[in-house]
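Undergrad: For reference, the structure I am asking about is given below.
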Amino acid sequence: MDDTTYKPKNILITGAAGFIASHVANRLIRNYPDYKIVVLDKLDYCSDLKNLDPSFSSPNFKFVKGDIASDDLVNYLLITENIDTIMHFAAQTHVDNSFGNSFEFTKNNIYGTHVLLEACKVTGQIRRFIHVSTDEVYGETDEDAAVGNHEASQLLPTNPYSATKAGAEMLVMAYGRSYGLPVITTRGNNVYGPNQFPEKMIPKFILLAMSGKPLPIHGDGSNVRSYLYCEDVAEAFEVVLHKGEIGHVYNVGTKRERRVIDVARDICKLFGKDPESSIQFVENRPFNDQRYFLDDQKLKKLGWQERTNWEDGLKKTMDWYTQNPEWWGDVSGALLPHPRMLMMPGGRLSDGSSEKKDVSSNTVQTFTVVTPKNGDSGDKASLKFLIYGKTGWLGGLLGKLCEKQGITYEYGKGRLEDRASLVADIRSIKPTHVFNAAGLTGRPNVDWCESHKPETIRVNVAGTLTLADVCRENDLLMMNFATGCIFEYDATHPEGSGIGFKEEDKPNFFGSFYSKTKAMVEELLREFDNVCTLRVRMPISSDLNNPRNFITKISRYNKVVDIPNSMTVLDELLPISIEMAKRNLRGIWNFTNPGVVSHNEILEMYKNYIEPGFKWSNFTVEEQAKVIVAARSNNEMDGSKLSKEFPEMLSIKESLLKYVFEPNKRT
């Protein structure tokens, strides 16, 4: 190194268990034994400690699990480790996910960056802050542009992900100008190579080709991207670290462009597959920019150059994935043509460590994505469910379903309102997902809750929120079985209109204390991005002897109110809840079969299939109110969101016939 070269002493690398940053960290550890490297990573779904295996034995390496959004932790690390250089890679990066969870991108990419910058300002010891951004902040490049975006080009982001990265850049620039922080920004194009989580196209296509599955291309495949091999990118950051000028921006890219269709064809050729039969064109994404193109001259003037050609880089990448097929565990959710929010990798434990598996080097993982009808999806051995509600109806059925599907599960021993016991469960069981099927509905019915309000609050509100928060702290998805009995027909959703209540609608039924608590906790759970809320209504199963079964209930009543309602056939929808967990789906879902069925229609089916001599009589809602303590919810739920995700789901009447009445037919 010459006299003008910057030489750091103690480097903090954020997000270093992720793809690009792990290659950078491993390279610096390998090439500079006199540098102390501290890496900080919260270990989310696309990062893994195994990515840093080459560095763990080095005396100048230290790993810290934590979130850049924790200002206390960041300040503590800067001071105690005497950090003089930060290489900030940590970010949410998958564009598709940013459309369904943009607030999480804002939290990670903007707020997290702000925390780091403020810590740098307060400690006053940072000599270099290298902020890693993306070429997507420039926006879409004109198709006929002969010159790529240079570092002074206007920022015109087109999606939530790139908008958060551009926002973070503005903060970096402001802290550089306002407080004199020694900042450098990089903007990179697409990177590929070993260790990359298969939400990105190249590893996704390789894994699909390995398992003989079609390669899904959005639109016509004419979109153009530039690709750099990961080791070339790691070298670029090595150059920027030592030779980059404070206050400058550097594009990390290549002028060699490739159409998506050509990338898919090249991967097919590597596997000896016919591209025409192996490539499947699927519906395009509405936010799929046509082209990103960078000018790469500024970085080259520092002495960097691309070393790995496309053919060699792709071959190295393919070889790595075929030799490490289980690196990421169950990635079936990521391999879907249109994945929603991606799952936690199967090998991830709640404490951030990874399960070690003995996999021979020539093993090829077969990845399967099966619809809920088959009740089988992905690598079941990598899943482990923690279920609360062992003694309840839904909890018991979930356990039986896991046994049937070969999924490892355990019931939680802790009580929902006891935080310490929940933490102990997660530490000992180390689940990949948590299912909450616990709750107080009242025995024999919701009238019980009217005289047991403290107990109902303790479990339905305080307990559920406690479990959600413990899961959040451990980066776990919580599948929460809730209720749709928080709505009632009204002027905008009249009975018989076919207009159902949607997921975003706010509760309008508070006739029972049970419903009040469920409405309250649902509203609060909206603030937890790790929760999937399933609104169950009047649950039904093929077990007609179970007193919790809605059909069993009304068949034992002397009189029933004949009114149409949305309902949940558990035999069909409980397997869907497991599939939703595998797909890492979040937010609120109306968990009912499409359509409505009246109580008289159900009892007519019961008479035709089960008990020919069965008789019943009706009474009005007003007459019913005289013999019950709390009012009952009647409504229609809009099932379009769930139906779009699972188009094979049957309507309520079809599902009743297939799963309940046909199997129990006695006449």
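Glycine too: its Cβ is placed from the backbone N, Cα and C atoms.
Swiss-Prot lists these features:
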| type | residues | note |
| --- | --- | --- |
| BINDING | Gly15, Ala16, Ala17, Gly18, Phe19, Ile20, Ala21 | NAD(+) binding site |
| BINDING | Thr134 | substrate binding site |
| ACT_SITE | Asp135 | active site, proton donor |
| ACT_SITE | Glu136 | active site, proton acceptor |
| ACT_SITE | Tyr161 | active site, proton acceptor |
| BINDING | Gly389, Lys390, Thr391, Gly392, Trp393, Leu394, Gly395 | NADP(+) binding site |
Undergrad: Could you list the residues of the same chain, at least six apart in sequence, whose Cβ is under 8 A from the Cβ of the residue listed as 'active site, proton donor'?
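TA: Correct list: Asn149, Arg187, Gly188, Asn189, Asn251, Gly253, Tyr292, Leu294.
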Undergrad: Of all the recorded positions given, namely Glu136, Thr391, Trp393, Leu394, which is spatially nearest to Phe19 (NAD(+) binding site) at the Cα level?
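TA: The smallest Cα gap between Phe19 (NAD(+) binding site) and any of the recorded positions is with Glu136.
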Undergrad: If I take the alpha carbons of Ala17 (NAD(+) binding site) and Leu394 (NADP(+) binding site), what is the distance between them in whole Å?
TA: 38
Undergrad: Sorted by position, what residues of the same chain at least six away from Gly389 (NADP(+) binding site) have a C-beta under 8 A from it?
TA: Gly395, Gly396, Leu398, Tyr411, Phe435, Asn436, Ala437, Ala438, Gly439, Phe481
Undergrad: At the Cα level, what's the spacing in Å between Gly15 (NAD(+) binding site) and Thr391 (NADP(+) binding site), rounded?
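TA: With the alpha carbons as reference points, the distance is 42 Å.
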Undergrad: Cα-Cα, whole number of Å: Leu394 (NADP(+) binding site) versus Tyr161 (active site, proton acceptor)?
TA: 38
Undergrad: Going by Cα-Cα distance, which of the recorded positions (Tyr161, Lys390, Thr391, Gly392, Trp393) sits nearest to Ala16 (NAD(+) binding site)?
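TA: Going through Tyr161, Lys390, Thr391, Gly392, Trp393 one by one, the closest to Ala16 (NAD(+) binding site) is Tyr161.
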Undergrad: Count the other Cβ atoms sitting within 10 Å of the Cβ of Ile20 (NAD(+) binding site), across every protein chain shown.
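TA: Within a 10 Å radius of the Cβ of Ile20 (NAD(+) binding site) lie 23 other Cβ atoms.
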Undergrad: Report, as a single number, how many Cβ atoms besides its own are within 10 Å of the Cβ of Gly395 (NADP(+) binding site).
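TA: I count 20 other Cβ atoms within 10 Å of it.
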Undergrad: For Gly392 (NADP(+) binding site), just count the other CB atoms lying within 10 A of its CB, please.
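TA: The Cβ of Gly392 (NADP(+) binding site) has 18 Cβ neighbours within 10 Å.
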Undergrad: Which residues, in sequence order, are found in the same chain with Cβ within 8 Å of the centroid defined by the Cβ atoms of Gly389, Lys390, Thr391, Gly392, Trp393, Leu394, Gly395 at the NADP(+) site, excluding those residues themselves?
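TA: Output for this site, in sequence order: Ile387, Gly396, Leu397, Leu398, Ala437, Ala438.
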Undergrad: Out of these binding-site residues, Ala16, Ala17, Ala21, Leu394, which one has the fewest other C-beta atoms within 10 Å of its own C-beta?
TA: Leu394
